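Here's the structure we're looking at; comments come further down.
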Amino acid sequence: MITPTIQRQLTRSIRHARCFSSTPSASAQQVKRLGVIGAGQMGLGIALVAAKTAGVPVTLVDTNQTAIDKGLKFADKLLAKDVSKERITQDQSDKIRSLLNPSTTMDALVEVDFVIEAVPEIPSLKFDIFSSLAQICPPHAILATNTSSISITRIAASTTKDPTNTSASSRVISTHFMNPVPIQKGVEIITGLQTSQETIDTAIEFCKAMGKIPSQSADSPGFLANRILMPYINEAIICLETGVGGRDDIDAIMKNGTNVPMGPLQLADFIGIDTCLAIMKVLYEETGDSKYRPSVLLRKMVDAGWLGKKSGKGFYDY
Ligand code: NAD
């Protein structure tokens, strides 16, 4: 729990980190090229909104060519829908599409001013990527992560072996977009201990240029959104596995009783069952609090490969 004392300590630490930050980072006006790593459901959405709303060219990196092809096909579908609803013209759609430049290698990020990582929620994978980004990207580039739960301070620390050298770690921040990115306005801005004020300002400005509404939160397990949302989803799964209610009743009561577009089990399918488990594990392990214990059924579903909408089967069939 973040007590006022811890909050004050965090704020002081952030101020302290600002004093150490030596490398000036890009300002939002200087974000002339964005990099996005991971062309999955979040990365593709971020890339498309950045091209469409902020009007910046995007280098979209995914090691899996099939994921890139699938992502760009989805972008084409969303743009065609915008044209058919007369929200944009065909010319505008073509221009937006031409701003998306795919690549299967991170070396393509050599000229970006701002990069947003959206690869799966695996700590070691993210640490490796940020260690590489510190080498590949220009020395002013902001290095942002879309992580749902991994400590930003720890991700920032992976950029260097020398903790006194904050030239790269001060440029690490989280821009935690909400799913689906083209629709949800909210974005959580989470700072690590090392994050500089210029980095915070630029990230907020750039998210606003993407048409988003930023909220700031401290680097604490689950941050704000998932600290609140995931125990809710996990509890719904426990209700299902212990027979308190069936799938449709659980979703119906929350949908019709709290005026949300979908119930917690359908939402879990949309987020990804594996992502939900990864976040619950972080909450449980980082706080040591049994109230965050991931449900047994959640673990079993991941073991079965029933990951929700993306795998065709979750609590519902797709
Ligand atoms: P996803 O599985 O849909 O996509 C991840 C993509 O990363 C895949 O296309 C994969 O091929 C690619 N990838 C894997 N290793 C890579 C590497 N080394 N280099 C480049 N690309 C690589 O995942 P997602 O749902 O888009 O989630 C991405 C991140 O966003 C995670 O950290 C997740 O926690 C976070 N997030 C997810 C949601 C959600 O609702 N799904 C919401 C907010 C944040």
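Here the Cβ of each residue, glycine as well, is placed from N, Cα and C on the backbone.
Residues or ranges marked as domain '3-hydroxyacyl-CoA dehydrogenase NAD binding' by TrEMBL: 34-214.
Over all protein chains present, the Cβ of Lys126 (NAD(+) binding site) has 21 other Cβ atoms lying within 10 Å. The NAD(+) binding site annotation in TrEMBL covers Gly38, Ala39, Gly40, Gln41, Met42, Gly43, Asp62, Glu121, Lys126, Ser148, Asn179, Lys310.
The feature site 'Important for catalytic activity' is assigned by TrEMBL to His176. Neighbour count (other Cβ atoms within 10 Å of the Cβ, all protein chains): 25 for His176 (site 'Important for catalytic activity').
Here TrEMBL flags 222-318 as domain '3-hydroxyacyl-CoA dehydrogenase C-terminal'.
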Maximum Cα-Cα separation (Å), residues Gly38, Ala39, Gly40, Gln41, Met42, Gly43, Asp62, Glu121, Lys126, Ser148, Asn179, Lys310 listed as binding NAD(+): 21
DSSP-assigned states of the domain '3-hydroxyacyl-CoA dehydrogenase C-terminal' (222-318) in counts, ordered helix, strand, coil: 67 helix, 3 strand, 27 coil
Cα separation, His176 (site 'Important for catalytic activity') to Gly40 (NAD(+) binding site) (Å, whole number): 15
Packing count at Asn179 (NAD(+) binding site) (other Cβ atoms within 10 Å of its Cβ): 17
Cβ-Cβ neighbours of Gly38 (NAD(+) binding site) (radius 10 Å): 25
